[in-house]
Amino acid sequence: MPSVVAPAKEPNALCPKAVELVLVKEQNGVQLTNSTLVNSPQTPVEPQERETWSKKIDFLLSVIGFAVDLANVWRFPYLCYKNGGGAFLVPYLLFMVIAGMPLFYMELALGQFNREGAAGVWKICPVLKGVGFTVILISLYVGFFYNVIIAWALHYFFSSFTMELPWTHCNNTWNSPNCTDSYFGNTSDGSSLNDSFRTTPAAEYFERSVLHLHESRGIGDLGPPRWQLTSCLVLVIVLLYFSLWKGVKTSGKVVWITATMPYVVLFALLLRGITLPGAMDGIRAYLSVDFRRLCEASVWIDAATQICFSLGIGFGVLIAFSSYNKFTNNCYRDAIITTSVNSLTSFSSGFVVFSFLGYMAQKHSVPIGDVAKDARGCGNNEAGRGGSPRPLFFIMLLTLGIDSAMGGMESVITGLIDEFQLLHRHRELFTLFIVLVTFLLSLFCVTNGGIYVFTLLDHFAAGTSILFGVLIEAIGVAWFYGVRQFSDDIKQMTGQRPSLYWRLCWKFVSPCFLLFVVVVSIVTFRPPHYGDYVFPEWANALGWSIAASSMSMVPIYAAYKFCILPGSLREKVAHAITPEKERELVDSGEVRQFTLRHWLMV
C-alpha cells in the first residue's frame, strides 16, 4: 500500500522527530493508518528552556565589553608606538583580516548553532571535548588574578578623592630614600641619584603603599592578605556575583553601563588631553610611520599576539555568549561589527594615551619615548601625573575590567552547567561557589608578595596554553567536523553560506597562523620576572604545571573517550571523530571522515 511521511515537531522535544503515517488498508471508503515516531537527523531544534538575550544589543554590548579591555586601551597604543607607529597597522590589520575576524566568526557561529557552552559544543567531534575543558580551566585561572586588577583600580579610585594625590610626591611615610619627585634626572635636593636605584612617587605608592612589596622577600614569603585590597576584592566579587547569578538576564543589563562607560570616559579624556601643552607632539609620535620596522620579526610577532589576546578568542566566552542567541541570529554581521569596534577602540585610545604622554614629556623636558617606557611599567600609577580627571580614569579601568571578568566567569559557569544538568538546576548556588573559589584563591595575589603570584599566573595561565587551545579548536572545526558541514550549519542559521574567503581562512590560513604564533611563543619564551626579582626554579616549574594542567585536558579526555567507546579500533575512531547527530551513519558504515573527499573539500 502507498505510504505518506509527514514531518512534525513535538513542542517539548529535545531533538528532532518525525511522524511516519502508514496507510494500512482502505475499507468501506475509510482509510486506516498506523503512525510511529522516527528520529530525524536533520536540523537541530534548540531546547525550549534555553534562555536567550532579552535584546540583541545586550549580546553585542556583552561581547564588545569582554573583548575591549586594558590590552586595547593601553597595550595597543604602546605597541603601535614601539613598532614603527602607523607602520604597525600593516601587520595588525593583516592578521586581523586573515585570522582574528575568521576565528571570532567561527566561535560565534559554533556557540549559536550548538546552543551550548565551550565543552558541550564538541558534540561535533566528541574526541576533542577536552578542548572545551581546556578553555574553561584557563578562564578560571585568569579569574584568579584578573579580579585583582579590578581591586587595584578600585583602591586607586577611593584614593583619588583627595586634594593632593598621594602618588605625586615623596613626602609620605611609605617612601624610601630612593624616591625622587623629579620625573627624570636629579633628586629634589640636587644630589645625583643612580638611575638603577631611582624610583618615582607613583611606583613607590603602588609597591610600598598598596602592595607592601618591601615587606616580602619573594614568592616564598607572601605574608598575610592586605585588608585594604581584600576589602576591594570583596566588593568586586559581590558585584560579579549579582551580575551573573541570573544568567544573561542580569549580565545583559549590567553591560549597558560597563561596556558604554569606557567610551564616555575615553571621549572626556580625549577632550581634556588635546587641550594640554605638548599633546600634539605626543599624537605625532604615536602616528609617526617607520616602514623600516616591518623588516623586524618582533613587530610581526607583537601584532600576532595582540590580535589573539585583544579579541578574547579561545577563552570560551564568545561561545558561551552566542549560545544564548536566537538560532536565526545573523552571527556574521555580529562578528564584523564587534571586531571592527574592537580595532577602532584600540586605535582611537592611542590619541588619548599619547596626548597625556606628550604633555608629561614637555612638562619634564624629556623625550616622549622615555615617558612612554616608564609609564607602561606603572599602568594606573601614572594616571595622576598627566593632569587627567582622576576618578573618571579609574572608573574607566573598573568598567573595562568588570565586563571582561564577567565574560570569563560566564564561560566557566555556562560551560559546566550545560555539561552537568544538576548544576543547571542550581545555577545561583553554583555561581556563588565559583565566585567564592575565585575570591579565596585571589587572596594569594593581595598579600605582601602577592604581585609575584600575580606575575606568575599572568605569565603561565593564559599564554601558550590559550594559543594551543585555539589551534586545536580551529583544527577540530575546519578539518574533523569539516568546513563544508560547518558552512551548512551557518546557512541554516543565517540563510546564507559563508563565502570562499571565510572557508579558506578556516581551513588553511587561520590554523597556519595559530601554529606560527604557538611556535613563536615557545621559541621566544622568557622566564617571568618582576623588576630585578628572578623567580626560583620551583616557581617556574609551578607555572609550567599550571599551563600543562589546562593543555593536558585534550589528550586526557581523548584517551578517556577511546577507553569507553565499544567496538574495534576502527569503530572507536569512527565514533570519536563523527558528530553525535551522525551516529546512525556510523552504524551503517558511512563515515565521511574516512573519505579523502571530506579532507580536501572547502
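Placement of Cβ uses the backbone N, Cα and C atoms for every residue, glycine included.
Predicted automatically and left uncurated, TrEMBL annotations should be read as such.
As given in TrEMBL:
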type	residues	note
BINDING	G65, A67, V68, N72, S310, N342, L400, D403, S404	Na(+) binding site
DISULFID	C170-C179	disulfide bond
TRANSMEM	59-77	transmembrane segment
TRANSMEM	89-110	transmembrane segment
TRANSMEM	131-158	transmembrane segment
TRANSMEM	227-244	transmembrane segment
TRANSMEM	256-279	transmembrane segment
TRANSMEM	299-321	transmembrane segment
TRANSMEM	341-361	transmembrane segment
TRANSMEM	392-417	transmembrane segment
TRANSMEM	429-454	transmembrane segment
TRANSMEM	460-483	transmembrane segment
TRANSMEM	504-526	transmembrane segment
TRANSMEM	538-560	transmembrane segment
I need the least crowded one of these recorded positions (V68, C179), counting other C-beta atoms within 10 angstroms of each C-beta. C179
In whole Å, note down how far the CA of C170 (disulfide bond) lies from the CA of S404 (Na(+) binding site). 35
Have a look at the binding-site residues G65, S310, L400 and say which one has the shortest Cα distance to C179 (disulfide bond). L400
Residues close to Na(+) site centre defined by G65, A67, V68, N72, S310, N342, L400, D403, S404, Cβ within 8 Å: I64, F66, D69, A71, G312, T345
Quick check: do the transmembrane segment (538-560) and the transmembrane segment (460-483) share at least 3 Cβ pairs under 8 Å, counting only pairs 6+ apart in sequence? yes
Counting a contact as 3 or more Cβ pairs under 8 Å, with residues at least 6 apart in sequence, do the transmembrane segment (504-526) and the transmembrane segment (227-244) touch? no
Below 8 angstroms Cβ to Cβ, which residues of this chain, lying six or more residues outside the transmembrane segment (299-321), approach it? 59, 62-63, 66-67, 69, 71-72, 75-76, 79, 82-84, 87-88, 91-92, 94-96, 99-100, 103-104, 107-108, 110-111, 117-118, 121, 132, 135-136, 138-139, 142, 248, 293, 339, 342, 346, 404, 407-408, 410-412, 414-415, 462, 466-467, 469-470, 473, 513, 516-517, 520-521, 524
S404 (Na(+) binding site) has its Cβ surrounded, within 10 angstroms, by a count of other Cβ atoms equal to 25
List the residues of the same chain that sit at least 6 positions away from S310 (Na(+) binding site) in sequence and have their Cβ under 8 Å from its Cβ, in sequence order, or write 'none'. A67, D69, A71, N72, R75, F76, N342, S346
Filtered by Cβ under 8 Å and at least 6 apart in sequence, the residues in the chain of L400 (Na(+) binding site) near it are V68, D69, L70, V73, P262
Looking at 89-110, 131-158, 341-361, which one has the highest count of Cβ pairs under 8 angstroms to the transmembrane segment (460-483)? 131-158
With the cut-off at Cβ under 8 Å and a gap of six or more residues from its ends, the chain residues touching the transmembrane segment (341-361) are 64, 67-68, 72-74, 76-78, 80-81, 89, 92-93, 96, 183, 263, 266, 269-270, 273-274, 276-283, 285-286, 310-311, 367-368, 370-372, 375, 382, 385-388
Leading stretch by Cβ pairs under 8 Å, where the reference is the transmembrane segment (392-417) and the options are 89-110, 131-158, 429-454: 131-158
Would you mind listing the long-range same-chain contacts of the transmembrane segment (89-110), meaning Cβ under 8 Å and 6+ residues beyond its ends? 63, 80, 121, 124, 291, 294, 299-300, 303-304, 306-308, 311, 313, 318-319, 322, 331-332, 334-336, 338-339, 343, 347, 470, 473-474, 477, 486, 489-490, 493, 498, 502, 505-506, 509-510, 513-514
